[in-house]
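See structure below.
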Amino acid sequence: MLHLPTITSLSFIFNLLIGILFTSFYLHKKTTSFLLFGGACISFATAILLVSFKEELNLPWLTHYLANLFIILSPLLLVIGLNKFNNKAVINLTPLAYLYGLCALLLVFVYNHVLSQILTSFIVAILFLYGAFILLKTHCVAKLQQRLLIIGLVTHSLVMLGQVILLLLPFITSNNDDFKPQLHILLIAHLFITTLCALILPFIIFANSESKLINLANNDSLTQLLNRRGFFSTCKNIKANTADKNHTLALIMLDIDFFKRVNDKYGHDVGDQALKWIAQHISQLFMNIGITARIGGEEFAVLLNGYTLEQANTLAEQLSFNIRQQPFYCNDQSIPLSVSAGVSSTTINQLNLKELLLHADKHLYLAKETGRDKVVSQYDHTSSRKPTRPQYNT
Ligand SMILES: Nc1nc2c(ncn2[C@@H]2O[C@H](COP(=O)(O)OP(=O)(O)OP(=O)(O)O)[C@@H](O)[C@H]2O)c(=O)[nH]1
């Protein structure tokens, strides 16, 4: 059956190893939450080690007092670590420090008494519940593991509260049973859940880190749109995910007109703001209907799945109109901006993204060649609207 020394040893080994794993990741990445999670696991392993000397050593301040302090320290570090992981840069540590100080003080008077166990279990229960609450509010990519960990923390909290009740019962009733078998089961549950939580936590952390890295690799940090790489990898799945192979899709390629002049006249920072402003217009219009990206310096692309060439052309005209109508303001100056656009389309059957981009690029080139501030699509090689050049106040 469940053999306590074996479970204790396994729990010690797992917590120590996971603690070392987190600490070495901290040394490599300097992410404070890793150090705190490592500390939480190592604290728990240390507590197990100290308690295991209970029979051999007659040093209760070590095997009881210090062990209890480490038991409380473990969820305390977990809670601070989860707060940090949840991107709360400034955590008010004062209440937690007071709580820990108060526990340390109270335990001085009762460390050799069952009250020490009651106090420790109660504080641990509260901290685990708080940890579950923080985790609930944390954005995690690994949803299943997040739920499992929340369940683990809540269950752990209940186990600790169960322990408090069992330890308190002889005091509040005339029943003098010491509930040893029940406490034994709760202790095993405590060791088991702690180890399980310690095993799930790294998975959640690394899944989030991986997702952050993928985001960094696929997104343009200036405009928050996809970058070229992200655009290609997102569009790659379209073919597989669209059942109707005769379904049309269109691509709009956009380029800001005379953008070099904006940089030269107003500076690179203003140029960056202009790029963000254009990106906002693109997002506003296409957020729910297309895949938007900044695929080059001042070049953007929008893929519209299920749209015809004519529909995409109309939307590109709409975007161009919006940009022309609402002047870009920076440092109290109005800077007129315009875009040229090339549109191309194909069917899912014939989709070759590079070719589609090439066609749109040819039309974009034509738009530039024939005056800028216009949209050119396959059927529209000459625009009826007279091109207007942006004017800059000197
Ligand atoms: N501020 C800023 N400028 C950029 C960025 N990437 C590219 N550019 C600038 O974009 C400008 C592109 O200039 P050109 O290719 O000559 O094109 P243009 O002046 O827009 O002229 P046309 O495209 O022919 O209308 C260059 O000055 C680049 O330095 C960026 O991230 N930020």
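Note that Cβ sites are derived from N, Cα and C of the backbone, with glycine treated the same way.
According to TrEMBL, the domain 'GGDEF' annotation covers 247-380. The transmembrane segment annotation in TrEMBL covers 6-27, 34-53, 65-82, 89-111, 117-136, 148-172, 184-206.
Counting Cβ pairs closer than 8 Å to the transmembrane segment (34-53), the top stretch among 6-27, 65-82, 89-111, 148-172 is 6-27. Using a cut-off of 8 Å between Cβ atoms, the transmembrane segment (65-82) and the transmembrane segment (6-27) share fewer than three residue pairs, counting only pairs 6 or more apart in sequence. With respect to Cβ pairs under 8 Å, the transmembrane segment (89-111) is most closely packed against 117-136, considering the stretches 6-27, 117-136, 184-206.
Nonlocal intrachain contacts for the transmembrane segment (184-206), taken as residues 6+ away from its ends with a CB within less than 8 angstroms of a stretch CB, comprise 2, 4, 7-8, 10-11, 14-15, 18-19, 21-22, 33-34, 37, 40-41, 44, 48, 74, 85, 140, 142, 145-146, 148-149, 152-153, 155-156, 159-160, 162-163, 166. In the predicted model, the domain 'GGDEF' (247-380) shows an average pLDDT of 93.
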